[in-house]
Ligand code: RB5
């Protein structure tokens, strides 16, 4: 599994921690920035990661800004992306089982590192349930095609 990751300045510190966890779990990743705590605009990083996942080069993506809200708004503009803002492991689990979320967004100013680590661990290790949930995901795809 290869993960695309990105953050703005408010997510930078959590992104650096996230890289350590991914290395600990032997999960490969590409860091699309930002590469310092200097102030930047989250759409510039969110769009790069979302497009990289949508194009199929990465199975999943993780985006971090101050609240996780801006990154989720940006990522969900990209066709094929289902970005989920998760603040606890239960949301992370359901975002995979029910929504087949392919991008996780996190709030670097909201979450402590331990909680964030557990959210990421659960999110990466939970599979999509399919079945009735697949029917709903297909309807989201139809909305993207203007067929619903
Ligand atoms: C940056 O100050 C902040 O607005 C951004 O990180 C994010 O929280 C936006 O949703």
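Yeah, the Cβs are placed from backbone N, Cα and C, and that goes for glycine too.
Summarising the annotation, TrEMBL assigns active site, proton acceptor to 65. Residue 65 (active site, proton acceptor) carries a strand DSSP state (E or B).
Under the DSSP three-state reduction, residue 98 (active site, proton donor) is assigned to coil, being neither helix nor strand. According to TrEMBL, the feature active site, proton donor maps to 98.
Within the same chain, the residues at least 6 positions away from residue 109 (D-ribulose 5-phosphate binding site) whose Cβ sits under 8 Å from its Cβ are 10, 66, 67, listed in sequence order. Per TrEMBL, D-ribulose 5-phosphate binding site is recorded for 8, 9, 66, 67, 68, 69, 70, 99, 109, 132, 136.
The shortest Cα-Cα distance between residue 98 (active site, proton donor) and any of the recorded positions 65, 68, 70, 136 is the one to 136.
Among the recorded positions 8, 65, 66, 68, 70, 136, the residues whose Cβ sits under 6 Å from any atom of ligand 1 are 8, 65, 66, 70. Residue 98 (active site, proton donor) is surrounded by 15 other CB atoms, counting those within 10 A of its CB over all protein chains shown.
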